[in-house]
Amino acid sequence: MSLRHRHSPPSLPREQAYNIIPVDTLVADHPALRFPEVRATISALRNVGNLSLPPSVPQWEAHMDLLDWLAAFFGFQRDNVRNQREHLVLHLANTQMRQSDNIDSLDPVVLRRFRRKLFKNYYSWCSFVGKRPKIHIGHSRSNADQDSRRELLYVSLYLLIWGESANLRFVPECICFIFHHLAMELNKILEDHIDENTGRPFLPSALGENGFLNKIVRPFYNTISGEVDNSKNGTAPHSAWRNYDDINEYFWSKRCFERLKWPIDLNSNFLVADNRGGKWIGKTGFVEQRSFWNLFRSFDKLWIMLILFFQVGAIVAWDEKEFVWQSLQSKDVQVYCLSAFITWSALRLLRFILDARMQHRIVSRETFGLGVKMILKIGVAAAWILVFGFCYWRIWSERNRLNRWSPKANDWVKKFYQAVAVYLIPEMLAFVLFLLPWISNFFEETDWCIFYSLSWWFQSRIYVGRGLREGIVDNIKYTTFWIVVLATKFCFSYYLQIKPMVEPTQALLRKKNVKYEWNQLFGNNNIIAIGLLWLPVVFIYLMDIQIWYSIYSSFVGVGVGLFHHLGEIRDMQQLKLRFQFFASAIQFNLMPTEHVLQSRVNILSKIQDGINRFKLRYGLGRPFKKLETNEAEAHKFELMWNEIILTFREEDILSDQEVELLELPKSTWDIRVIRWPCFLLCNELLLALSQANELVDAPDRWLWYKIRKHDYRRYAVIEAYDSTKNLLLQILKSNSEEHSIISAFFQEIDTAIQSETLTKKFKMTVLPKIHAKLIALLNLINKPKKDISKMVNTLQALYEISVRDFHREKRTTDELRECGLAPSKQLVNERLLFENALELPDTSNDTFYSQARRLHTILTSRDSMQNVPKNLEARRRLAFFSNSLFMNMPHAPHVEKMRAFSVLTPYYNEEVLYSKENLRTENEDGIATLYYLQTIYADEWENFLQRMQREGMININEIWTTKVRDLRLWASYRGQTLARTVRGMMYYSRALKMLAFLDTASELDIREGSRELYTVKHSCSSNSLTLEKSLSTRSISRADDVTKSSFKGHEYGIAMMKYTYVIACQIYGAQKAKKDPRAEDILYLMKNNEALRVAYVDEVPHGRDDMDYYSVLVKYDQQLKKEVEIYRVKLPGPLKLGEGKPENQNHAFIFTRGDAVQTIDMNQDNYFEEAIKMRNLLEEYRRYYGIRKPTILGVREHIFTASVSSLAWFMSAQETSFVTLGQRVLADPLKVRMHYGHPDVFDRFWFLTRGGISKASRVINISEDIFAGFNCTLRGGNVTHHEYIQVGKGRDVGLNQVSMFEAKVASGNGEQVLSRDVYRLGHRLDFFRMLSFFYTTVGFYMNTLFIIFTVYSFLWGRLYLALSGLESALVDDVANNTAFGAILNQQFILQLGIFTALPMIVENSLEFGFHTAVWAFITMQLQLSSVFFTFSMGTRSHYFGRTILHGGAKYRATGRGFVVEHKSFAENYRLYARSHFVKAIELGLILIIYAAYGDVAKDTFVYIVLTISSWFMVVSWILAPFVFNPSGFDWLKTVYDFDEFMNWIWFRGSVFAKSEQSWERWWYEEQDHLKTTGFWGKVLEVFLDLRFFFFQYGLVYQLDISNGSRSIFVYLGSWIYAVVVLAVYCAVTYARERYAEKEHIYYRLAQLLIILVLILLIIGLLEFTNFKFVDIFSSMMALIPTGWGLILLAQVFRPSLQHTGTWRIVVSLARAYDIMFGVIVLTPVAILSWLPGFQSMQTRILFNDAFSRGLQIFKIVSGKKTTLDL
């Protein structure tokens, strides 16, 4: 250790800013440079040996190294070199600390391991494309130095290429291509190759200043940029331009070498981005075609399974036997079932046709074989259809010819079976490989021509998606899971879905000569009715696997959670019971133990570790109760626990009083036992006193036995006794006689205790009196104003009781004097005994008074401490932290030997810190953000004020002056701000400093560190709890002598080397230029967090119109007291080519460090106690999970926004069940966990070489995070999930925010359906993992859409039956038929969300207890959570379905503010009109018509049973935006909202008006998806729109005016009526536009004329026809949907109609319809607003957590708040 901490030479003047280590200046006095591993690595880099001098370097200087040498030859930028130099030095030094004991020089083994890991993807790529790697490393010992130098050159070259590749980092195989050629050029330089053309030493192609950027990177970048231009901002079809994946996959074949050549041929077709010319190379590897058929293409195995079972199930059920095996005994049924093979062949043919149709664009001369294979597959599939079809035909021909199963018929059956056997050969081979996964992996991963030839027919040869099979154990686990799920599903489907439908179907087929009530266009048959009857059953059949998956995954997740010991400590009461073991658990898991860390991991070590954990968990064995005997370990635990409590106090979730109750006090006053926190000792002393009273005559041993049975009682008794002794002796003058008396008294008691005669010599009944007097004395001592006289009196009384009454034998004064228990002389002048001896310590002696307060607490505490701490978040965090230490986690290494890591946060323009104006500005309801926070976090506000007063605040008005920064921080830490995220992530640095200190410090250092921590914590005058002066360094600081200051440098240096935090603030440069307050706040965060770095893109004008772009890294220099620029790496062009967020991450990724990187979003938080466990988590990379080590470590999330509102609670509960139970099951046993966003931890170098931590192609990668998981799985990575550590996460808290988030995710899943990643995973994963993948990604949204289809098909089916007259004809046959139960209300269960809520219930049961979970579920139902979940289901289905059909996915900024303001109706209408309101009105209209004309609906009860679930959906979709809207049912706001809505509708603004201002602009934006759709998208849109014309066709025959006619002319005549109505509307519209403003009288006359004509028309119809008034309403219900259908069709054909006069009519009619829809939606809202008391009830539902804070929230939203004088 002395070598690492040796002192450095004096520092020299700094020439340039550095990032973490001043690598360029070895003489700098920096703590990290004290590590010999760092110096060894730098020395190795500077060992250039006999390398040839670059032509651009006249003289080699001493400070230059191998990276400078590479830069001179290959044209790398200077700052790129500096960045990668530090990157390489840090990584190699950290790795050598961890893996090697060699500290004098760079260990070749460390370098070799790193080189192999870095180039693993490159080696694999070379093997795939048939090229030999250009890495030439010898293995001779004589040239070891040269080999190490060569290895360093290759590694440095790759990192330099990667660091300057900008957007090319998204195309990893392109980087492999570049490295391959640059390595080849490097080899020529190293081998002194002579250029054949010049006869001089070889020079690389990129030689020159910025040569690499200009000559290599820029051509590729320009190609990508040109393709992005072709995308037309993402609106062009994906097939019309190449995205990042297309660019990358070009390098998966040898043609990249042939076409691009080297140096790069700038005329290559690959670099042509203009898709209009003949040179454009087109798509590569995959073509993303928008079609709903993609779901079938990607998961054809699933759909084939479902369709074939449905077919076979229907065939078997049609036989109408009770049991399946009875039907299968029939030869007819057996042969009918063989038709499934014809269907199978047809489905395969369909898939091959779809493949050819969608992928034909990738066929070229170079990929001719692919086109041949497509054609052959289609031909073979068609041939199998012919074979099976012919055999099947011949079977039935022979069977029907003789009307029996003749030998010839049986022969043809055998031939069919023989054909089936041949057909199934590939499937049997696949099954064998499934059973032997290692063989499959070997075939796929080995690039041998014979294996490629064998697999050519079955799958395309691509670089990714090879070797994805899991190990046999994992295989068995997830296979068993899915076999159980599928068995349950198929049993349920057969007996409760398919079989019950057979009888009504047969009844419909038997029904002949039905009297239809309309003109039957398709003949007199019931085929359409049968189809509509089966349709909802089919949809339920297709989607109910999702339900069974939810059920089984819930219980499996609970089982896995129990196995992982989740939920064993759920609250503070359970923590108290296990606190001793908890202390041992901290020592066991968080304190490094040499013999454990150095032992090899094998079966025996795992068994031994499991035994030790079992003992720890249940308190078995002495090794885990040794804190009392090991003082050093006790001090370590004390320091760590107190630091955790201190952070709680800094966060204001604890008060000062609670800190004293929770902390472990320092070791003072010579207490003989561990001084446990006061909350553990509450009531224990009082119970001991009662035991002493009860056992008055019992011997000492028995009394002590009864007390010591309870550990905390024993601790309380001993500490109270020792503390009382020390207290009394300290408040008396040491040289006084009274001091001697007290000493003698305690000596007498000690003697009695030792001789076990205490109960014999003293009266236990007197103890309560002594107890009472002690409490009285402590009350006087703890008062701010000390009353000495009262203290003397109390001491005198205490003395009299203790000396006179306590002893069993009465003793005279002389006897007391002999024993030293009385004054030696008689007191004169009535002077009291303690009058002149009392001397209290100074009030600044906080140690004494804190101990006095603690003693007072022990003496007086009762059960009231059950609520300590009061704050629910503090209780939750302590319970989770304590429980996590009893879970299975790797042992913590020393900080020096842990893996280094970084945290990366993308930031754009969100809130950094709430400004003073943000906090004070009131919204329209008069509510300021600060007041809202004060109300929601009332206890934390009180703690904050208490802290401010302790830090010097006298007047509360100082909050807005001297303490305004603290106020802003307090508020920001309760929002979703960057400041909150930064504070949380900087806990890592603070934790590492503390852990580094505990790893290396001696027992004396730890005791002193603990003492200083305690002193700082209780210093009333310190500013220790502010962000500006963090305690993280002071809490572990020591004295200023030389030796201890070196330890301080060690802690600082090791923390800087192990952790870096980079925020990718993309527009920080622009913010600084505009003097944006956010830039000042970001600078403030850098100033107060030394490990924080900010990366941004700087735009520098160049010439007249050009702009240069740079990736810049800055930090705050604590010495210069200003922001300094560290690196500036030039980019080839603008950063944003694809999706902004992943490219923002990508540009900052080069500035991260370490083995791992944790991705943290802007709405996340972290906790100090969780940061302590980070080094344990990083050790997971050493473990195997299955057959692979992890590449992504999934981390649990806690949703911290749950308390904001009931809506936030619903969202939190839903999200929590996914990020805990859901991801737990995905990781184990299903093995398909992906990356679903932050805060997962990535294996940095694994992803660095494989495309980064996200994908960025425009639109298709809009859900950029999950593609990192797809990419990881396809490339053979492994994603695990770990729940012993958690990170906080904020979620959207308002309905509009939630809906936009749901829309974004649903649209992203719609785009994923088109992606190559999903297609490849669907085909490359084995069948059961494919099922897991489907039902947890796009399948979930597909099945949500199927639920909506179920409702639609059910209602449209009932409407068809009612209006056609078929229902009345069948009512007698099916009224009592229970078969219709299969379709009536299955969707109601789904809508209520019981099955989707099941994961929430079981997860809450696991972690909080069954009763708590059930009560939470009931409370959620009372707060209308079912309405919310049903509404969310509509959001997901709308945006997912629309994206699949038409595209148009886009990023939707949800906002992360507090939602307390009322959202106007106009805003809600804009957001929900098309997704919810119009659809709800459509369904409501169907229900009304069915109620009016359905024969079954005439029975009210039957109608309710049939339609209650549908009505629930309609009501939810209409009222949810108002139920979950603050003041949603306030009458005045409803009136104002309607006025604003009408103003928005009629706004006639300029062409620059936004959709928020103008209805017309919004209406056009709602049609944007039709601009991006293709031909088939428009066809399907037209087909779906035609349903609205059915209302008119069905209802006109129900009108009395039709007089029962069934002629087609009745329907055609109704169109005349429709045209007349349209003409009247056009006339009114024309009159209004022409006369309404200037010639108002003419407008009124026109209105009067139209009204008169209508009256005369109605009178005429009444007089001369069968017309009745009710026909008016019926015709309205018929024609209003027709008009809406015409509008929708006009939108589809807008390009043809827009420039005609018809379009003006369409726009005007659409405006009228939106007015009508608005009125329909707002009418029930207005009625409910008018009802008294409804608004207050709605407020309670929305904001009330378990109906406990309703009054306060009602005051907030209604503006009835008291005036705060702040």
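Note that Cβ sites are derived from N, Cα and C of the backbone, with glycine treated the same way.
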547-566, 927-946, 1047-1066 - the range that TrEMBL marks as transmembrane segment: 547-566
CB contact flag for the transmembrane segment (1500-1524) and the transmembrane segment (1414-1433), at least three pairs under 8 A: yes
Contact yes or no, the transmembrane segment (302-318) and the transmembrane segment (547-566), 3+ Cβ pairs under 8 Å, gap 6+: no
Other parts of the chain folded back onto the transmembrane segment (333-354), taken as Cβ under 8 Å at six or more residues beyond its ends: 293, 296-297, 300, 303-304, 307-308, 311-312, 315-316, 319, 327, 374, 377-378, 381-382, 384-385, 388-389, 392, 395-396, 399, 413, 416, 419-420, 423
For the domain '1,3-beta-glucan synthase component FKS1-like' (149-265), the number of residues DSSP places in helix, strand and coil: 78 helix, 2 strand, 37 coil
Best-contacting stretch, by C-beta pairs under 8 Å, relative to the transmembrane segment (547-566) and drawn from 375-396, 476-496, 521-541: 476-496
Long-range Cβ neighbours of the transmembrane segment (476-496) (under 8 Å; 6 or more residues past either end): 309-310, 313, 316-317, 324, 470, 541, 544-545, 548-549, 552, 556, 1228-1231, 1328-1329, 1331-1332, 1382
Long-range neighbours of the transmembrane segment (375-396), counting only residues six or more past its ends (CB under 8 A): 335, 338-339, 341-342, 345-346, 348-349, 352-353, 355-356, 409, 412-413, 415-416, 419, 423
